[in-house]
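Taken straight from Swiss-Prot:
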BINDING   ARG75, THR76, ARG125, HIS153, GLN156, GLY288, PRO289  carbamoyl phosphate binding site
BINDING   LYS103, ARG193, ARG247  L-aspartate binding site
Amino acid sequence: MTSDGTPTQSGRYPAGGHAFPHGSLTGIAQLERHEILYLLDEAEQWVDFNRQSEKHCDLLAGLTIINAFFENSTRTLLSFEIAGKRLGADVVNMHAAQSSVKKGETLIDTAITLNAMRADAIVIRHGSSGAVDLIASKVDCPVLNAGDGQHEHPTQALLDALALRHALEARGEGSEDFTGLTITICGDILHSRVARSNILCLQAMGASVRVCAPPALMPVGIERMGAEPFHDFDAALKGCDVAMMLRLQTERMSGQFIPSAREYHHLYGLTQHRLQRCAPDALVMHPGPMNRGVEIDSDVADMLDRSIITRQVEMGVAVRMACLDILTRKGRGLPGWQGDLGKGQWA
């Protein structure tokens, strides 16, 4: 950190060699392992910054960030807004109800409109998979994916990885990656962009990933992503080091995928009894929002020694500060950039 508490660039890479050559961040799938580790290292420094009494800097002073959310959000929108403001940027929030999409404007026209506003970065959440890639191809500034349909939610996976790394370090089990860990993700895998991004991120960091869901909520061919599928929750939990629970995304379900919430909890809810099937010191995670009494019991979610759910929320601000900082470096004239900013970065 500098004398005023502002983080300096990670020392993982030699001077002049930029570790993140991408103009936008729309998915984990396009990241190399060293790029994921670089983002986490940069975010690590912002964790310390955010724990100071003075949590504001002028790193992005004079820059404008648009948070364009075409889907409702609470924690993700707040996290990005806080991240931008702590960096000193001017942050403008655009909600779905306020957008011209409600009046019939096409996504391409929306992208053209956003580009004409000359923002320095745009954060986008959209209900359609691939929408963020499309917008990124039409604008001249960095784009961050805050979740698109059932596709990806990259900053969620990064903050989950950072929260897990922090928890392991607190136990004296610190390592830059997750080699040797078995992580079970259980819930609505079919509709979950969080699951997809986490599978990619956790595997890139060396973890073995299991996914568990009722047959109707398990994507066909999920094993092609390298995850081991289970329908039996008890079997999926056996000996795992981390249990990551996901909510049922009823807003994306057009039919009856489960008999009832009560039946789902009976078969797939994480209880104290089920937690005993995991490794003795297994950690519990949930990206939120939680449906207590459905996918997870309150006494499990609130376990001080095992649950790192609130830590996940804390890490979200740090990860998003790091991403905003890194992606705007070329626009701020900083040296060491190897990539090209602009259209088609993730095509």
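These residue numbers are counts, starting from 1, taken along the chain as shown.
Just so you know, glycine gets a Cβ as well, placed from its N, Cα and C.
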Cβ-based neighbourhood (8 Å from the centroid) of the carbamoyl phosphate site, residues ARG75, THR76, ARG125, HIS153, GLN156, GLY288, PRO289 excluded: SER73, THR74, SER79, ALA146, GLY147, VAL194, PRO287
Maximal Cα-Cα distance (Å) across residues annotated as binding carbamoyl phosphate, namely ARG75, THR76, ARG125, HIS153, GLN156, GLY288, PRO289: 16
Fewest Cβ neighbours within 10 Å, where candidates are the binding-site residues GLY288, PRO289: PRO289
Packing count at GLN156 (carbamoyl phosphate binding site) (other Cβ atoms within 10 Å of its Cβ): 26
Rounded distance in angstrom between the Cα atoms of ARG125 (carbamoyl phosphate binding site) and ARG193 (L-aspartate binding site): 12
Candidates ARG75, THR76, HIS153, GLN156, GLY288, PRO289 (binding-site residues) with Cα within 10 Å of ARG247 (L-aspartate binding site): GLY288, PRO289
Pairwise Cα distance for GLY288 (carbamoyl phosphate binding site)/ARG193 (L-aspartate binding site) [Å, integer]: 13
Whole-number Å value for how far ARG193 (L-aspartate binding site) lies from ARG75 (carbamoyl phosphate binding site) (Cα to Cα): 16
Lowest local Cβ density (other Cβ within 10 Å) among binding-site residues: ARG125, ARG193, ARG247: ARG247
Among ARG75, THR76, HIS153, which are binding-site residues, the residue with the most C-beta atoms within 10 angstroms of its C-beta: HIS153
Mapped DSSP class for ARG75 (carbamoyl phosphate binding site), helix or strand or coil: helix
